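K.L.:
Attaching a single structure in structure tokens format; questions to follow.
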């Protein structure tokens, strides 16, 4: 049996079979039948009956090669997107860490400025006391 696509194509099919449910159309992405549509039971795989019927004719020759190439390209691009999303996630984490460091540094600088202001006031007071004497 062909590999099921992740989602059905179109709405419920016109065929009724032994279990009394309507068939759903799916697309095969197997190497032997790339892009070929078929009907099968719409129930989940554990409860699915054995109904199976091809919707369209077998894809052969250059058409099959083109579909296979495009599907392989799609898979490659999806993998590339996943890698880029992982890199973005790592970069966002790095940005978060750098923002935390920046906030801590600002806080530390603020404390340093307060201490320096206090030291300057102290020395100014000492100078004034010496000047007044």
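Placement of Cβ uses the backbone N, Cα and C atoms for every residue, glycine included.
What TrEMBL shows for this protein is this:
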{"type": "COILED", "residues": "67-101", "note": "coiled coil"}
{"type": "DOMAIN", "residues": "17-58", "note": "domain 'GRF-type'"}
{"type": "TRANSMEM", "residues": "112-132", "note": "transmembrane segment"}
K.L.:
Return the average pLDDT for the coiled coil (67-101) as a whole number.
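P.N.:
Taking every residue in the coiled coil (67-101) and averaging pLDDT yields 93.
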K.L.:
Mind checking which residues reach the coiled coil (67-101)? Cβ under 8 Å, same chain, six or more beyond either end.
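P.N.:
Distant Cβ neighbours of the coiled coil (67-101) are 29, 31, 34-35, 59.
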